[in-house]
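Notes follow the structure.
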């Protein structure tokens, strides 16, 4: 059974709420993409803050409007800080997003990610290999890239969402987003997204920002994914390669409006 | 009592000295903005080096021409390294700049910042909430952004400067820079500066670079602020949004000349 | 005795192999340049992954196709993780590249770099001061920049290459690459490369990517250096300053083709 298409009017409503309420997003993310992630959040009107030490992460998770936990460049200290922050987010009923970067490829982070699931992330966002590995299936990941398509992970993603009580978003050429029952397919996007580091990681942060303003987690994850992928299509038009694409993507996120969301979403709708 | 305007000829003299002497600036800054900060320093002709571990920070603070301590992404180890570096800078009579990111919002860093003040930073640079919190007043900060304007912190900034024997620079729509007696208002700048991560943090690094070549700390802080804000005005003209603005800002810092500094400073002078 | 010129057809063969085989490059590099390094690798078609903790670095060094160890922003934990990764790379017969950033300037990293040499890096890449210091000569470095030209380090580089059984690449206006016997001079490049942070560090990562697909380490190092410096010449044509240069460099790496490599290499050949 294939999923439903994106409702661009609902996406615009969530984006507008982010711009108006400027949610404070606590990012625990990897050092490779921290700057780009902050710039993506600023470009949509959210307020990023990176707090990653065990002395402060729980305190700040209680202050912020949403939390992102991205396992990219892990360390023993970061992993302690992440456990504390995820527990604090759960205790304060703040939505949090788990991005299980390279889970499956390495033992240490695979164990950490499994533990973090107990704190019930509002959304898990990863590629197919990561989602399969996180759910205990054979992930077939190598490094940080998936070796299978998003469609191959839909069944596992549904089961994982049912288990966490949240949403699972699987990135790929067509993104698959499910709350365990409904499935939405996000068909917008551009191949240049895979030629710049941190686009997937920034999506995790955008999902957190949208969860801060929208209680329907399925809609929040779909809105974040649509906003980023439509902006990527706009950016690709103005790009000469991956360097100028990354710059144009930030400009496009800032400029994104309803007619653009609507036109690009319609153009990709399943027939 | 309002402050005096910027003297653009003096600013140009400091910028020229940075370009000619290429001061080595020891940066202990956060991982989000480290790359952008290094690029801002390189764009004005300074030589950045990030050394942040407790094994090397004191040794390097004795080698470099100036030190920046930015509390952005703190950790227990970084905080140890910062204490050692600030003490070494003081012992070697090297100017150092304290950027108290998010002080007031979290307990751990608020205590660290208070301790670091004892090593007499040449310049404290922060937003109004951070300066208020650092001085022991109610800061009203949330995350990394200020919730009050720079003008509201002028009295506190003067008192703090008198206490450290240095200068305090409060960033805002109009930047307020004081040595406890004199007050200079820097009126140049552009709203896009708040839409890119690390512009304020890079200003702290620029202040350190200027302190390395100019003993008048009030002038050094005013020069750094004016250079960055005038370059921002130039960059905004060529930008389509926050992504292209960040790129154009580096180009504009590299290209900045006396006539541009003079014209843009005059255009904003208080009447 | 001066070195030989670059063979652009051989360089193109190596670049094509990187694009076709997308080697997984394990990067242990500094936080300042991590994002830019990843983007440079993605722009040439390689697959970067940053894994820097002691819990995972040895495991991942056995999975990846090549390893980069860059000493930029060292810490006690990172240094442990680097020792484990270099040993694992050696044990698994995976090529690894040592970039001895600021060695000579600080005691802690100078000792670490000397120890790492025992694991026989396929290529050492640094500036003249770093290579001199690493070999035990007086380095004359200050901060991260060299105070002497690459030519001054050729004799030392030859001796160091003979000692490690690998290749030593000394960056400068003309890059000097030697395996202890042969010497190749790479004459392409542009002064803007020194005005952007991380260009030299990204070269280390490119060398690792080329070593993953080319067993002739001298050719791999020459190919990486030529690809980056020719792309820099292309990028400079489209740049207004250091900000736009960094963006254009990524675009140029993505677009680089045989005729461009050939024409720019010929134009700089020694006569």
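Please read every residue number as a count from 1 along the shown chain.
Just so it is clear, glycine is given a Cβ too, placed from its N, Cα and C backbone atoms.
Note that the coordinates shown come from a computational prediction; the quantities given were computed from them, not determined experimentally.
Going by TrEMBL, these are the annotated features:
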BINDING   A:50, A:198  substrate binding site
BINDING   A:125, A:171  ATP binding site
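Annotated features taken from TrEMBL, shown on the structure.
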residue: A:50; record: substrate binding site; DSSP class: strand
residue: A:125; record: ATP binding site; DSSP class: strand
residue: A:171; record: ATP binding site; DSSP class: strand
residue: A:198; record: substrate binding site; DSSP class: coil
Integer Å value for the Cα distance linking residue A:50 (substrate binding site) with residue A:125 (ATP binding site) is 19
For the binding-site residues listed (A:171, A:198), most other Cβ atoms within 10 Å of the Cβ sits at A:171
Sequence-ordered list of residues in the chain of residue A:125 (ATP binding site) that lie 6 or more positions away and have a Cβ within less than 8 Å of its Cβ, or none, is A:97, A:98, A:99, A:168, A:169, A:171, A:200, A:203, A:204, A:207, A:221
Taking all protein chains shown into account, the Cβ-based neighbour count within 10 Å for residue A:50 (substrate binding site) is 26
Out of the binding-site residues A:50, A:125, A:171, A:198, ones whose Cβ falls under 8 Å of a chain C Cβ are A:198
Here the binding-site residues A:50, A:125, A:171, A:198 meeting chain B with a Cβ under 8 Å reduce to A:50
